Amino acid sequence: MTGESGSAAPSIALNDENTMPVLGLGVAELSDDETERAVSAALEVGCRLIDTAAAYGNEAAVGRAIAASGIPRAELFVTTKLATSDQGFKGAMDACEASLERLGLDYVDLYLIHWPAPALGTYVNSFGGMIQSRGNGHARSIGVSNFTEEYLTTVIDLTFVTPAVNQIELHPLLNQEALRKTNAEHNVVTQSYTPLALGKLNDHPTVNSVAAEYGKTASQVLLRWNLQLSNAVIFRSANAEHIASDFDVFDFELAAEHMDAINALNDGTRLRPDPDTYEGS
């Protein structure tokens, strides 16, 4: 990871020679108004990665906040995702163009397949379409989300292109050790979502004990733990104060004993849908 602390997140190298901030704001389940306010607040404190999706229905709101910020496009990293209903070779290309129109952008920095939806059997063809989107300049990097080892290796084997990122549910209750290892073996960056476990660990004695030791919030400790696993991380909040606090995690480092204590919370609890059975969004 490279970069400086404080005003901006460090960046991580992707396998396609692009770089991506290690920490960014996600806007899942936020209304248009909440999205605009959250994105504006995040940009204000130096966050430069904004993660949205066609299925969230708020790409236009993200675009408005970006436009209003006046921040040069080259300084931003914008991710969107292919909705399951648009999967397919041509569908993936057309959906990327539709997302760009809603965002008011000429390209996205990262375009992901939102869910594998294996029952559909179209995720490989979809990735083929995304390769075309990258080739025509609509997406700088392409990747996947919620892909297990099976789906990830299938895409690589059948398209001969390795996704830059695999964005997955990852928090201390579901630390995804095996999948992180698989991603790393393929030089795929693991990007975590739901890193705060939907607040379920805010009052956990282990997390609170570690937080007290560093004078940090539970959320800051959970984000720091995730970052120190060499993951990129997407957090979500509609609260400007929480966004500022959650982004302020580059001035401390958890000791090995505290990393181990948080790792020990892993019990396989999944808070989001199971990629093997979920029909996608």
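Note that Cβ sites are derived from N, Cα and C of the backbone, with glycine treated the same way.
Copied from Swiss-Prot, the annotated features are:
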ACT_SITE  Tyr56  active site, proton donor
BINDING   Leu196, Ile234, Arg236, Ser237, Ala238, Ser245, Arg272  NADPH binding site
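Here the features listed in Swiss-Prot are painted onto the structure.
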residue: Tyr56; record: active site, proton donor; Cβ neighbours (10 Å): 21
residue: Leu196; record: NADPH binding site; Cβ neighbours (10 Å): 23
residue: Ile234; record: NADPH binding site; Cβ neighbours (10 Å): 23
residue: Arg236; record: NADPH binding site; Cβ neighbours (10 Å): 20
residue: Ser237; record: NADPH binding site; Cβ neighbours (10 Å): 22
residue: Ala238; record: NADPH binding site; Cβ neighbours (10 Å): 16
residue: Ser245; record: NADPH binding site; Cβ neighbours (10 Å): 17
residue: Arg272; record: NADPH binding site; Cβ neighbours (10 Å): 14
Message: What does the structure give for the C-alpha distance between Ser237 (NADPH binding site) and Tyr56 (active site, proton donor)? Integer Å is fine.
response: 14
Message: Tell me the coarse DSSP state (helix, strand, coil) of Ala238 (NADPH binding site).
response: coil
Query: What does DSSP call Leu196 (NADPH binding site) in the simple three-state scheme?
result: coil
Task: Round to the nearest Å and give the CA-to-CA distance linking Leu196 (NADPH binding site) with Tyr56 (active site, proton donor).
output: 19
- line: The rounded CA-CA distance in Å from Tyr56 (active site, proton donor) to Ala238 (NADPH binding site) is 14
